[in-house]
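Visitor: Would you mind keeping the following structure in view while I ask a few things?
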Amino acid sequence: MCKNFTVPCLETITSLKSRYESKYELHLKTSIRLLVVRISSIIAKLYKYKKDLHQQLDDWEAYLNEQSPNEAYIAVENVVDNEGPPQDFTYVTHNVLHKDIPSHLFDIDYLVGCSCVRICTMDTCECPQNSGGVFAYDRNGHVRVKPGTPIYECNSRCPCGLSCRNRVLQRGTHSQGPLFFSRGGPWTPQGKILVAIFRTPNGCGWGVKTMELIEKSQLVTEYIGEAITQEEAEKRGKVYDSCGQTYLFDLDFNDGECLYTLDAKKYGNISHFINHSCDPNLDVFSIWVDTLDPNFPRIAFFANRNIKQGEELTFDYQMTLDVGSGASSPRKREHIKCHCGAANCKTYLY
């Protein structure tokens, strides 16, 4: 009797097991198919997102170079994250004047030029007399005075042309000189430096690196932004402080109260993306060109050492120049963590 009972039980159990395994296999296959479909969908979306991101960066790169046709080609790189082009930023090659800045400060009709005839020399040119009595640049256009020394270039009323050795900053941003074919591919104005705006791997956001060797004392770029009054700078500074941003650059050259500030938050050039370092490779100089106001210099970055190809460009947001000797500096901030990685890092920017 037990034997007869055992056989049906085994058959029943075997049948149930077979049906269960069939359902399990069917469920597993269905789950795998759904998983494959879902993963494929995610991969397709990621591919489209990456493709769209690359297109956005390509479009931004094209835009940057359309806005600066007389400057070296600017590349854009992001192999770090999925960050796209910055929003609400307009690339400009000249300082933009806020409505409260009096335009007559830049009326060239009131400027006085030098008395040179075509070629400026130390014997005939009055402009360098304000720069310590010597030309601030050597014949290769390299700065030869110390940071903090005021530099007065020849202006629009001077009879010399852009080839004058005392017009380095002006050539650096507006040169129409001969062209050569760079190793980066695009046609590049001679004497300009190929750079790339890139995403930094150390959490500093966008940065700028050179795509070729830069020689010590060579002009790299100008700090460009919107020129605003001190009152406007105070208003904007409160907003920027809450975001930990450092785009305000006080033009505090003279001993008196700072009257003007450059704000590169919304308007600027590649200097907008140059990061801080406690051991920078750029020095800051104040240069006067076409202005009647001693409180309104232009700000230029020169290499303080040879900078290798691929190296990030940096300047010290905490630079300490003596007031009255060229002390143009970024507006100070509170408790901003420094990520420069330099051996002498101060831990905080301000």
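Backbone N, Cα and C atoms are what each Cβ position is placed from, and that goes for glycine too.
In TrEMBL, annotation is done automatically, which means it is predicted and not curated.
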Visitor: Given that TrEMBL lists Cys114, Cys154, Cys158 as binding Zn(2+) 2, which residue among Cys127, Cys204 does it place in the same site?
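Guide: Same Zn(2+) 2 site in TrEMBL: Cys127.
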Visitor: Work out, from DSSP, the number of helix, strand and coil residues along the domain 'SET' (193-318).
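Guide: DSSP composition of the domain 'SET' (193-318): 18 helix, 48 strand, 60 coil.
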Visitor: To the nearest whole angstrom, state the Cα distance for the pair Cys154 (Zn(2+) 2 binding site) and Cys125 (Zn(2+) 1 binding site).
Guide: 9
Visitor: Given the binding-site residues Cys114, Cys116, Cys127, which lie within 10 A of Cys160 (Zn(2+) 3 binding site) by CA-CA distance?
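Guide: Those near Cys160 (Zn(2+) 3 binding site) - Cα within 10 Å - are Cys114, Cys116, in sequence order.
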Visitor: Taking every protein chain shown into account, which of the binding-site residues Cys125, Cys127 has the largest tally of Cβ atoms within 10 Å of its Cβ?
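Guide: When each Cβ's neighbours within 10 Å are tallied, Cys127 leads.
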Visitor: Fill in the CA-CA distance, Cys127 (Zn(2+) 2 binding site) to Cys116 (Zn(2+) 1 binding site), as an integer in Å.
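Guide: Between the Cα atoms of Cys127 (Zn(2+) 2 binding site) and Cys116 (Zn(2+) 1 binding site), the distance comes to 10 Å.
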Visitor: Express the distance between the Cα positions of Cys116 (Zn(2+) 1 binding site) and Cys158 (Zn(2+) 2 binding site) as a whole number of Å.
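Guide: Cα-Cα distance, Cys116 (Zn(2+) 1 binding site) to Cys158 (Zn(2+) 2 binding site): 8 Å.
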